[in-house]
Amino acid sequence: MPNFLDIHRTAPADLRTILESASEMKATRGTRPKGTPDDDLPLKGHVVALIFEKPSTRTRVSFDVGVRQMGGTSIVLSGAEMQLGHGETIADTARVLSRYVDLIMIRTFGEDILAEMAEHATVPVINGLTDTSHPCQIMADVMTFEEHRGPIRGKRVAWMGDGNNVAQSFLHAAASFGFHFTFSGPAQLDPDPALIGAARSAGCEVRIERDPEAAVRDADLVVTDTWVSMGDPESSRQRRHNLLRPFQVNERLMEAAPDHALVMHCLPAHRGEEITDAVLDGPRSVVFDEAENRLHAQKAIMRWCLGV
Ligand code: CP
Ligand code: NVA
């Protein structure tokens, strides 16, 4: 029973199958109204639980709409309103939900919670973001890059700012999809060194470059994300802002990048903090294509998990 827990825990050939299926479904739907079902209704008769222990706009709506388009039914659950938020174990929640639904997507805190859910569920589990990874986002990002620029293999991705969950999933993806990765941020917020080592062992060039302009000089893609993620303590906000300010993605930084370099941000953006309006709304930005592709990529992930 395939779970979709992390990029590096899914075989590269399966990641490719998922992306091909996502592109095919996107092309087939074309511009038809968003509420109309797909012709083949692959999730007909299936129920999907979408559990959120953290806020969400994109993940919540794109999974829900994706299930509906494929003819299934979704139940959106907030962790705080479930018994999960009042002492019931993850393991028992997984066992019970598996008796009612065919698929579970969970957005949560520690990776251990996700692992416990997957261990005790008897239906597939999808990672909708943890403190340390966000694999669905990266599938949409690779899809978006390839729509605009062709195969990502051998290309250069420059990550600016915090070595957070999204950055770490990019590192996993570098190994799986064969692109190079430059991290540019303060040493205190480097990604997990084990992930850097794993990507290097897989043959990727991984650079740590403290000079933001040097980091983007050969980039095909410049990516950033919030300076304070949902799992980070509020008390760290000021320290993080002070550390991360030099790594803002702004027009001056983008002048140092090649003309063809794209800009991505998983959103929500904090305009004027990690990225300026001029870049986010500028011609290199593909952030809303990224957001749209969450829908198509996740539909393909759900089909792959369910084998339908
Ligand atoms: N990018 C992303 O996962 O957005 P949400 O937090 O709105 O789901
Ligand atoms: N790094 C961000 C991503 C939000 C989609 C967070 O975890 O809050």
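Glycine too: its Cβ is placed from the backbone N, Cα and C atoms.
Of the listed candidates (ASN165, ASN242, ASN250), TrEMBL assigns ASN165 to the same L-ornithine site as ASP225, SER229, MET230. Within 10 Å of its Cβ, the residue among the binding-site residues SER56, GLN83, ASN165 with the fewest other Cβ atoms is GLN83.
Note on the binding-site residues ARG58, HIS134, ARG294: the fewest other CB atoms within 10 A surround the CB of ARG58. In three-state terms derived from DSSP, CYS136 (carbamoyl phosphate binding site) belongs to a helical segment.
In sequence order, PHE4, THR59, ILE126, ASN127, GLY128, LEU129, ARG294, ALA297, GLN298, ILE301 constitute the residues six or more apart from CYS136 (carbamoyl phosphate binding site) in its chain with CB-CB distances below 8 Å.
In this structure the alpha carbons, written CA, of CYS266 (carbamoyl phosphate binding site) and ASP225 (L-ornithine binding site) are 7 Å apart.
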